[in-house]
Every structure is written in structure tokens, then in C-alpha cells.
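**Student:** This is the structure I have questions about; it appears just below.
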Amino acid sequence: MGCCGSTERTKREWKPLEDRSCTDLPWFLLFTVFCVGMGSICGFTIATGGAGRLVFGYDSYGNTCGQRNEQIEGVRLSGLDQTDKKYVFFLDPCNIDIVERKIKSMALCVSLCPDEELKTYQDLKRFAMHNGSELCSYELAGHKYPGLPERFDKCPKLPVPPSKSLPVFNRCTPVDISCYAKFAEAVVMFVSDNSVLHRLIGGVMASKEIIVGLCLLALVLSMILMVIIRYISAVLVWILTAMVVLGSLGELITCLLALLPTAETTETKDVLLVYAIAATVFTVILLLLMLFMRKRVALTIALFHVAGKVFIHLPLLTLQPFCTFLALLLFWMYWGLVLLFLGTTGNPVQNEETGLTEFRLTGPLQYMTWYHAVGLIWISEFILACQQMTVAGAVVTYYYTRDKTRLPVTPILSSVLRLMRYHLGTVAKGSFIITLVKIPRLFLMYVHNQLKGKENACARCMLKTCICCLWCLEKCLNYLNQNAYAATAINSTSFCTSARDAFVILVENALRVAAINAVGDFVLFLGKILIVTSTAFAGVLLLNYQRDYAEWVLPLIIVCLFAFLVAHCFLSIFEIVVDVLFLCFAIDTKYNDGTPGKEFYMDKALMVIYVKIWYTGGILLKWEIKCVSILDKNINATCKVLVPCFMS
């Protein structure tokens, strides 16, 4: 059932970019309600003071620093007026719980952070008298610090390091971060010497301009490769094919030579004979597959060629990764900030181990954290799905516009507006399905990490098997969803209808799909490797001016990781374009035959491949070659020339 007063056609009639109507409206409403719930969690944390406690900080008695406080029942020294005490001071700032990722120390609100090292209790007294900032617990008088018996438990650990307040969060942080070496070693496992950590960080800081330049180089290389890959795809594909075949033949010849009369034992010869037989079977199967799949490989090359032309006609597609990354970054920042708010929201609870007051969500409110965690996955997948739908809509517009000079001025913007007006429900439904698969996988990964070293071999094997199966299912659903979005962009059908139609098309073209995914993915992988190696080579040349290898190995690693990430983002867009083009091509060849009223929409490059390989059964006569050679640039003219020739 459609929406906006329309109903979906019971009989499938592919009418590209026609009869546009809303799809999956209930899912759009459900997603809207879910997002309102996410916003309500943020509002709740602000209204209950969690956001204020995070920003301004609070002491171990539940008092928020820098403001008046109300008395908390059962908590002594709560309800104090801390208007003049704006900074949070930890008595033992280096006592860090790495597992819980928090400081296990009493916290106090102070009016001034100590800017010099305080070695004795006399120094604490002098600092309190001169600056009016008492660094011991509130019930202790500053002028009595040196003689109080409670000073060992309720005063800071000596010596007190000099500290400065953070710009926003008003925490007194030690100037010398060497006391956090244990925490740094836990995060950076390969660092066992604090001096090495300092040298690595120093190398990054000294090379920051070079790092930025190399990252921009990776960005430019990725954008260039997306255009020129149309020219090098054929070379890469056939080189790959030749290398695989020659490698298989080499293994076979090596095994046969080893079976010649030598000093080898009988057992060794038997093993070599089995290996030779296996290599022979593999080589024969591989050669047959290459012979049988040559048409599909040619189609893959043609699709890569047309995809390159798509990026020339739609250059704004190259900006799509930036928009998606920016949207994800903003959402992740918001999500992380609200998660921190939740960490300081709730009812005051006294920690039995430390005796300090903490704020925790209790009762039904504790499920807000789980709701917030689900929101991270669903909304992130929703943003990625919006990218897929936007790219699919633009490519569909390109494919089904016969005269490319009449393309819309901004196909990308038109696709975005079409998505926002009609298909947000479809995107919400598809992303929710991915979320349903991803949550159990992440939960099993969490269980596996928690039980590491405790579970038996059978349980470990079962957990890894389940995680692997869910990962495979997620990848398959991602691929099906992507094609469902393309079908929706073409025909404006609901998610389930589009997924079913796309699945039928893909099954009918299973061999073509296998060839495109196998060959295409490998070519794109080679493209990623090319970008990473080129960036790394440039990095070695630039960073080689720094003689000490330990100083620039980390910058080079950072640059390589960034280059791979950028290449993956851009070439993933290229992969989506290729997949959408193939779906359009499959639909075009299924429902059109080139006759009047059923003219092909495909590009000339695809037309040539289709005519040469499928339309004539792979046999070209001289008069057919002549017809192919007079192809006109105009696709309509192409169809009018081809049909009389090849149907005669």
C-alpha cells in the first residue's frame, strides 16, 4: 500500500522516474518518533542537571561546582554554596580505573588550582591562607592542616603536582602528564617506555604540516582515480586474469617436475601427486571459468567505463563522501556528548567501595542508555542509507536520460529532494533491518571479549561462528538493500517490493553479478592499494629528512590509515555507481528490446557489449560489424540503426 492517496501497482511495470509517490510512510513516522525519543533523552539530562554536572563538574558529595546546591538526603556535606568554587580538584588525580575509565579519587570544588608543586602540609596551609583555596575536605580548617590526624585520608596525596584548569570543563589537570603513563600504556600497547611515547608524539607534532599535505594528496588521488579507472580497468582485469592463470600453470608444472625420478621418498611423491592432481583440476576449472565468464568480464569493464562517464557528468558525486562523513561526525559528536550527560544523570548513590557520591540511573531510567546505544546504530545506518539512495537516484536519472545534454542542472540535489519528499520511510526501514542484524553481532563480540580466556574451545568456536554468520548476513543484506534503494529510485515502490524486484533481477543475472562483484571488487581493491602505496611513497620521501626512524614511523602509519580510509570512502561510491548501473542495465535488457516504443536506455559502451555478446549470440558477421561501427552518439539513433541490422 502506498501513501498520499496512491496505491502500488499490482502488476510490475517499470516506469523510471514516473508516478512518484511516498513509500513506507509508517516507517518514516516510527523513525521520527524514535528520533524524538533520542532528543528527549538529551532534554532529560539537561533538565535533571546531568549536563550541568558534566560541564561544571561536581565534588564527591554531590555538589555542582560554581553554583548553589540543594541538600541531598543522607549525604553529608551536600547542599553547599559553591558559587566561588568553580574548579574540580582531585586529591589523587593519577589514581585511574582503566576498566571503568574514570578517576578513583575524592573530588572537591576549589576556587583556584595549585599552579606550583606543594610538597608538605605546611605548603597546603600556606596555599589555603594566601589564595583562599582549601585543597582538603570541607570539614577541615585550612590553618590546622599540618596537625590534623585526618590529613592522610582527606587531604591530597603529596607532593601535589602543579595543575591548570581545562578551558571548558573546569577540571584541575596536572601540567606533567607523566602520571598517566600507565593509562597511556594500556591504550598504546606497543609503548613500554614513556620516553618512546613522548618521541612518537613529538614526531607527529613536528610533522603535522607534512601529514596534512599527504592526507590532501590521498584525497586528490582518490578523486582522480575515480575518473581514470574507466581507462585502466580493462588492463587491470586482464592482467589479473593472466596472473591467476599463469600462477596456476606454474604450480602444476612445478609439481610435475618434482614427480620426476629423484631422491624424494615415496610419501613425499604421493603428496606431490595429490597436489599435482588438485592443481590440474583447479587450473582446468579456472580456464573453463575464464572462458565461460569472458562475456561477463567484458560487461564489468564496460560498466566501469560508463561509471567513469557518470562522474564526469555528475562531478558533485565526488562530494558525497564529505557530506556523509560530516553528517556522521556531527551525529557521533552529539551522541557522545549525550552519553557523557547520561553518565552524570540520575539519583545520587554512595559508592560502597570508595564512600564517594556518584550519580546513576536507576529503575526504568537505566534503559535510556540502551535506547541511546540502539540510536547510535540505527541513525548511523540511516545516514549511510541516505547516501546510497542519493547516489542511486542520481545514477538512475543519468541512465534513464537518453540525451545526456538534457540532464537536470543538479541531479544530485534533485535526488536529495526526491529522497526527502518521498522515500525517507524506505531508507528508515532498510537501515532498521541492518540494525537488527548488527546489534546481536556486536553483543556477541562483547560477550566474546568479556569471556576471553575463560570459555572453553567449543564455546569460543560457536561464538566466532555466530559472529561470522551474522557478519555475512549483514553484508548480504547491505547489498540487497542497496539494490532495493535503486529499485525504489527507479520505480517509487516500497522497500519490500523493491527488494523483491531487485532480488529477482539479481537471481536472473547471477553469473553477471558474480563476475562484477569478484572482478570489480578486486579492481577497486587494487585501486585502494595504489592510493595507499603512492601516498606512503610520497610520505617516505618527505619524512626521510627526519633521520630518526622512530620519530616518523607513526606519522607514516597515520597517513597510510587515512589514505586507505579516504580511498575506501571514494571507491565505495564508485562501487555503488557500478552496482546501480548494472541493475538499470539488467532491467533495460529485460523489459526493452530496441523496437519502437521499447527503445534501450543504455549508454553506447553498454550497447556495443550487449549487441556483440548477447544480442547476436557472440557471433559477429561482417555486416553486423559494419552496423556497430556506424553507431551514432545519440542513443535513439543507435537503437534505430542497430535494430534493423540485427533483426534482419
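Heads up, the Cβ atoms here are built off N, Cα and C, so glycines get one too.
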**Student:** What range among 298-317, 598-617 does TrEMBL record as transmembrane segment?
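**Tutor:** Within the set 298-317, 598-617, TrEMBL attaches transmembrane segment to 298-317.
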**Student:** Pick from 169-191, 422-444, 468-490: which stretch is listed in TrEMBL under transmembrane segment?
**Tutor:** 422-444
**Student:** Please give the sequence-distant neighbours of the transmembrane segment (25-47): residues at least 6 beyond its ends with Cβ less than 8 Å from one of its Cβ atoms.
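**Tutor:** Sequence-distant neighbours of the transmembrane segment (25-47): 3-4, 334, 338, 341-342, 344-345, 368, 371-372, 375, 378-379, 382, 424-426, 428-429, 432, 495.
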**Student:** Counting only residues 6+ away from its ends, which parts of the chain sit with a Cβ under 8 Å from the transmembrane segment (370-401)?
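**Tutor:** Contacts with the transmembrane segment (370-401): 16-17, 31, 34-35, 37-38, 41, 310, 313-314, 317, 320, 323-324, 327-328, 331-332, 335, 338-339, 342, 407-408, 411-412, 414-416, 418-419, 423, 426-428, 430-432, 434-435, 438-439, 442, 481-482, 485-486, 488-490, 573, 576-577, 580-581, 584-585, 588, 601-603.
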**Student:** What same-chain residues lie close to the transmembrane segment (210-229): Cβ under 8 Å, and 6 or more beyond its ends?
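**Tutor:** For the transmembrane segment (210-229), the sequence-distant neighbours (Cβ-Cβ under 8 Å, at least 6 residues beyond its ends) are 204, 304, 307-308, 311-312, 318, 523, 527, 530-532, 534-535, 538-539, 542-543, 555, 558-559, 562-563, 566-567, 569-571, 573-574.
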